[in-house]
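Pulled from TrEMBL:
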- TYR173, ARG177, THR314: substrate binding site (BINDING)
- HIS300: heme binding site (BINDING)
- 24-37: compositional bias 'Low complexity' (COMPBIAS)
- 15-46: region 'Disordered' (REGION)
Amino acid sequence: MPRCPRPAYARRGWRRARGGGCGPRNAAGAGPRGPASGRRKNARPDRAWARRCPLGTLLARLRHRINGPRAVTQGITTDFSRKMSYGDYLKLDQLLGAQEPLSGEHDEMLFICIHHVQEIWLKLLNHELELAMRCIREDQLRPAFKAMARAGRIQGQLIGAWDVLATMTPHDYLAFRDKLGSSSGFQSWQYRLLEFRLGAKDEFMLKPHAHRPDLLGVLEKAMAEPSIYDETLRLLARRGLPVPAEVLERDLTKPHQENEAVTAIWTGIYEGAEEGFDLYELAEELVDLEDAFQTWRFRHMRTVERIIGYRMGTGGSAGVAYLRQALERRFFPELFEARTRIKQPSV
Ligand code: HEM
């Protein structure tokens, strides 16, 4: 398994260059403006001095006056018959060919696009969370914070997408709802993977994936592995904090149960933030994660309420009533319980 990446600034050796500029150093160790700096691939040697010398600048202006401005498109690659293009690299034919409405209704495109966009963000969110968990496991909290900060931005995008979907009226949706059959976001395996990684383990959620052994395998693996909170509690134990054995050795396929001793540990971390600032920061990152996840759930529930009212869901649930009870599910209960316990700091 790959290790936590070192921060980019450490990897690339970004330092202030002697010549005054900042940038990656070349093999000879010189900065970007230093004399030994690697020359840009297409830079013309006669232009290099011109950029530095005031006479050169004057000549360039003169040339501009005589010849007119250089066409802005000059040098741009336009022949992709033998080169990889933007669309080739991003497989845009596949990506943009995937939005195939089943009805002739205008708003079905919006419905499909929002789902695709959210699934892509879920993909990246899972990717970042996987990294954060690995870093916590390896006691590398700084790169973990970086991944968690990015996860927070992604969650912002996921939440913002509801604003676009909320422009769809009940009438618009009912026009194509029949075409959806029994399909529902409830069957989103990426969403379940995320929930499992956050600690909401639930065997029932594996059932809709029984017909896809490949996806079932991914979910079963995540179900048996520690969640991000389990990784955090193990880290606290490694730091010598008294996390009870029954918490550390619990059955990982079940959700974590609120524990009094863990609440006491978090209360202590919050009250003595100066001594263990990284743990305090980790606690806040986790709270951000849960907070944004709950906001997404809430916005989903309210968007659904305004579009379908109190009808059943296409997936067969009670609809809004089902989504409302999901809001009660917590990931990191002690982090919220500790907030009630923290003593006022002495001034
Ligand atoms: C008109 C738009 C939407 C409606 C009416 C709707 C409705 C529902 C309903 C009623 C459920 C409960 C399960 C069921 O019976 O189907 C559900 C679950 C779900 N939906 Fe949506 N939804 C919409 C848009 C979206 C979008 C854009 C996403 C993004 C991926 C999404 C993701 C989910 C997920 C992940 C669940 C499972 C939630 C859980 O189990 O806690 N939904 N949806």
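Each Cβ is built from the backbone N, Cα and C atoms, and glycine gets one as well.
Note that this is a predicted model, so its numbers are computed, not measured.
Shown on the structure are the features that TrEMBL records.
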| residue | record | DSSP class |
| --- | --- | --- |
| TYR173 | substrate binding site | helix |
| HIS300 | heme binding site | helix |
| THR314 | substrate binding site | coil |
So if I measure Cβ to Cβ from ARG177 (substrate binding site) and keep only same-chain residues at least 6 apart in sequence, which ones fall under 8 Å? THR314
Give me the CA-CA distance between the residue listed as 'heme binding site' and TYR173 (substrate binding site), in Å, as a whole number. 15
Within 8 Å of the Cβ centroid of TYR173, ARG177, THR314, the other same-chain residues by Cβ around the recorded substrate site are LEU174, PHE176, ASP178, LEU180, ILE308
List the same-chain residues at least 6 positions away in sequence whose Cβ sits under 8 Å from the Cβ of TYR173 (substrate binding site), in sequence order, or say none. ASP107, PHE111, ILE307, ILE308
For THR314 (substrate binding site), the number of other Cβ atoms found within 10 Å of its own Cβ: 18
